[in-house]
Amino acid sequence: MPAAVFHPHCSVAEEGLGMNDFWLYVWLRKVGIVAAHIISLGLTIFITLLSRPGTSLFSWHPVCMSIGFSLCMTEGVLLFSSDGSLFCFQSRKGKVQLHWVLQALVAIAGGTGLGFIVASKNVSERPHLTSWHSLLGVATLVAAGCQVLCGVCLLFPKRVSSVARLRLYHATCGLVTYLLATGTLVLAMCSDWFQGTIKGALWYVCVLLPLCPALVVMNQITNAYLPTYQRRRSGYESDHI
C-alpha cells in the first residue's frame, strides 16, 4: 500500500491520501478551478447577450448582477487560489488589494442592478418581492453587506480583539453570500423571462453550470479556514485540560 501523503500545506481532504490519489486530487482541483474561471466568464457573457442591455430598464438588471456576483465575486475568491489564480504573480498584499477592488465592483454592480429592477417594477407598476428569486436576492445583498462590514473591520486590525476570528467570520459570510448568489442565479433561470428563450437540454446545462464555481469556491474557503480553526481550537482545548 502506498504511503500516505502528509504535507504542512495539505488540506483536510488531502491528508492521508496515497501518492497516486494525492496527485489525482491536485489535478482534479486544478481542472475545477480552470472550469470555474471559464464558466463564470462564459455565463456573464451569455446572460449579457441574452439580456440585450439597453432595450429596457429590466435588461440592465441581469447584466449588472451577473457581472457583480458571477464574475467579480468568483474572481475575488479565486485570486487567492494556489492552483489556478489569474494573479499568481502578485504578492499577498497585491492580491488583497485586488480582492478589495473586485469586491467594490460587486457592491457597485449589485447596487446598480438593484436600482434597475426597482425602477423597472415601479415603471411597470408591478409589486416587489413576489418571487423566491427576489427574496433570495435580498438575502444575498444582506449577506454581502455583512461580508463587506467584516472586510472593512479587517482594514483596522489594531481595533479588533481577534483578527483570526474576524477573518473566519469574513470568509464564512463570503461563502454564504456566494452560495446565496448561486441559488439566486439558478432561480433566475427558472423565471419566465429566461425559460421563454432558453429551453430543452440547454436550459438544464445552464442551471447546472453555476454549481461548478460554487463547489470550487466552497472547497477553497473551507480548506483555507477550517484546518486553521481546528488547529487553533485543538490548541486552546489542550491548554485548558
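The backbone N, Cα and C atoms fix where each Cβ goes, glycine too.
Curation plays no part in TrEMBL annotations; they are all automatic predictions.
Features as listed in TrEMBL:
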type	residues	note
DOMAIN	27-228	domain 'Cytochrome b561'
TRANSMEM	31-51	transmembrane segment
TRANSMEM	57-80	transmembrane segment
TRANSMEM	100-120	transmembrane segment
TRANSMEM	132-156	transmembrane segment
TRANSMEM	168-189	transmembrane segment
TRANSMEM	201-226	transmembrane segment
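With a threshold of 8 Å between CB atoms, the same-chain residues lying at least 6 positions outside the transmembrane segment (100-120) that come near it are 56-58, 60-65, 67-69, 72-73, 75-76, 79, 128, 141, 144, 147-148, 151. The stretch from 57-80, 132-156, 168-189, 201-226 that makes the most Cβ contacts under 8 Å with the transmembrane segment (31-51) is 57-80. Listed as Cβ neighbours of the transmembrane segment (57-80) (distance under 8 Å, sequence separation of 6 or more from its ends, same chain) are residues 33, 36-37, 40-41, 43-44, 47-48, 50-51, 86-87, 90, 95, 98-99, 102-103, 105-110, 112-113, 116-117, 119-120, 123, 137, 140, 174, 177-178, 181, 184-185, 188, 193, 210, 213, 216-217, 220-221, 224.
Averaged across the domain 'Cytochrome b561' (27-228), pLDDT for the predicted model comes to 93.
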